[in-house]
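Some features that TrEMBL has for this protein:
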type: COMPBIAS; residues: 506-518; note: compositional bias 'Basic and acidic residues'
type: DOMAIN; residues: 24-454; note: domain 'Major facilitator superfamily (MFS) profile'
type: REGION; residues: 503-527; note: region 'Disordered'
type: TRANSMEM; residues: 88-107; note: transmembrane segment
type: TRANSMEM; residues: 119-136; note: transmembrane segment
type: TRANSMEM; residues: 148-171; note: transmembrane segment
type: TRANSMEM; residues: 183-202; note: transmembrane segment
type: TRANSMEM; residues: 241-262; note: transmembrane segment
type: TRANSMEM; residues: 274-292; note: transmembrane segment
type: TRANSMEM; residues: 312-329; note: transmembrane segment
type: TRANSMEM; residues: 336-352; note: transmembrane segment
type: TRANSMEM; residues: 425-448; note: transmembrane segment
Amino acid sequence: MERPELGEPACRMDQQQERDRRRTLLLVNLASIMERADEALLPAVYREVGAALHASPAGLGALSLCRSIVQAACYPLAAYAAARHNRAHVIAVGAFLWAAATFLVGVSDTFLQVAISRGLNGIGLALVVPSIQSLVADSTDDGTRGSAFGWLQLASSLGLISGGFVGLLLAQTTVLGIDGWRVAFHLVAAISVAVGILNWFLAVDPHFPRRDGKQATTARGVVAEMMEEAKFVVRIPTFQIFVAQGVSGSFPWSALSFASMWLELKGFSHSDTAVLMTIFWVASSLGGLLGGKMGDLLAVRYPDAGRIVLSQISPLSAVPLAAVLLLGLPDDPPKGVSYGAVLFIMGVFMSWNGPATNFPIFAEIVPEKSRTSIYALDRSFESVLSSFAPPIVGLLAERVYGYRPNDKGESVEQDRGNAASLAKALYTSIAIPFIVCTAIYSFLYCSYPRDRERARMQSLIELELQQMEHEHESSCLELEDGGDGVPKVFGSANDDGERATIGVTYDHKEDPEAEKDTVSLLANRES
């Protein structure tokens, strides 16, 4: 009797998995676009919201702080949801939640209402980010992971561009008697709901069926397992270094939420400001792709140092470029080309760290099952402190550099003075954190190679144990025939005549070399 050919069905299965993988990557990138668009929307209309709510720069920064603190506090919830549920569905639920909160911002009339709505917004955003990053990591290998995260950063930049552009263009308009900035929030909320629906029905979590079969029977068991996994992750030296640099390295990016307001105070119109910020975020997206590709290439040639070198060049280059942009260019809107050129160069160079270094290395220093946890914990630790950047910029501008609120915009001279104050506050919040960030990255040269090899060894041990478990389960099957090299299964009966035990014998001898290799592998695990 001929054996059935399995090659063609297996090939069709591989093709279906590849289609699912590509469709899922497309949809999670689309979710990343809307997540970042939602984050960028409020900073784009800071001036209009401040005038409507009579809020100072420090107060406006506090609105972003509310969202960031809630978002950081909810990252453990995101890790729990991703461990217990389909990550594609987690992304969809997060999109629904942030869409509802964004709609509430658009109908709020007081500062307190907006603050509460932004806090609720952070819950949805927190659910989405770790699941997106872990899905991208699980769908790529070490040689392409940097490029994949580069594309993810491109998607994020497109979200920042679209959110900021829509907010700036609608800021001073009215639609059916509704303020344009409110319409922008309603529009982003509606599109976010559509993206959530697409992810729920079309995206595929490749590891969900496998994880589902191993889930704890109670929520308490899942929480206990997550706590153990979190303890394991936070003890990794490389992760600790990333958290330390991330607090300082993400601070300038949070501070840049005031960039649109600064350009408007310099005298640029809303449309000109939208174009300039679009130039910056387009450059950042291209820089992310460039950084991710360079990271992959250097990781092959210099596996222990290639990615780290890029992560030091990127933030250090932003220090002189930010000085030129914020302190060196003239207060002359007609010369906007010079602003656009500096913003483009700055965007290209300062956006390498995530796709080139941080995200790929996270996937290398922990086993595959821990990736969602490491991304969630990283976002949680970084966001808690970097979320203070907007209010700190506002306080520096007001208390140190002499910013004076001018809600009605009656004085051009006062606007220019406020622009200078805000520029000094921004540069302080960019230069000092980036210098600290560059110094902290140096510690990775020692910790990263060790932690990477430790994670590889742990993965090998887990694979070996899974194979041993599988072989043990196979050996316990009842077989009627025995032959050379075939397990012979026999049973003993109890007093009632029922089978009580099963024994297995083999006709071949144990391989002493294989046993020695297993003992050595397990000994390495203990060390």
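Yeah, the Cβs are placed from backbone N, Cα and C, and that goes for glycine too.
Note that the structure is predicted; figures quoted are calculated from it, not measured.
Residues of the same chain lying 6 or more positions beyond the ends of the transmembrane segment (119-136) and with a Cβ under 8 Å from any Cβ of it are 24-25, 28, 31-32, 35, 38-39, 66-75, 77-79, 81-82, 87-88, 90-91, 93-102, 104-105, 145, 148-149, 152, 205, 359, 362, 371-372, 375-376, 379. Contact counts against the transmembrane segment (183-202), taken as Cβ pairs under 8 Å, peak for 88-107 among the stretches 88-107, 148-171, 274-292, 312-329. Beyond its flanks by at least six residues, the transmembrane segment (425-448) meets 237-238, 241, 244-245, 248-249, 251-252, 255-256, 258-259, 262, 304-305, 308, 311-312, 315-316, 318-319, 322-323, 326-327, 350, 357, 361, 365, 389, 392-394, 396-397, 400-401, 403 of its own chain at Cβ-Cβ distances under 8 Å. When Cβ distances are compared across the two stretches, the transmembrane segment (241-262) makes contact with the transmembrane segment (312-329), since 3 or more pairs at least 6 residues apart fall below 8 angstroms. Averaged over the domain 'Major facilitator superfamily (MFS) profile' (24-454), the predicted model has a pLDDT of 87.
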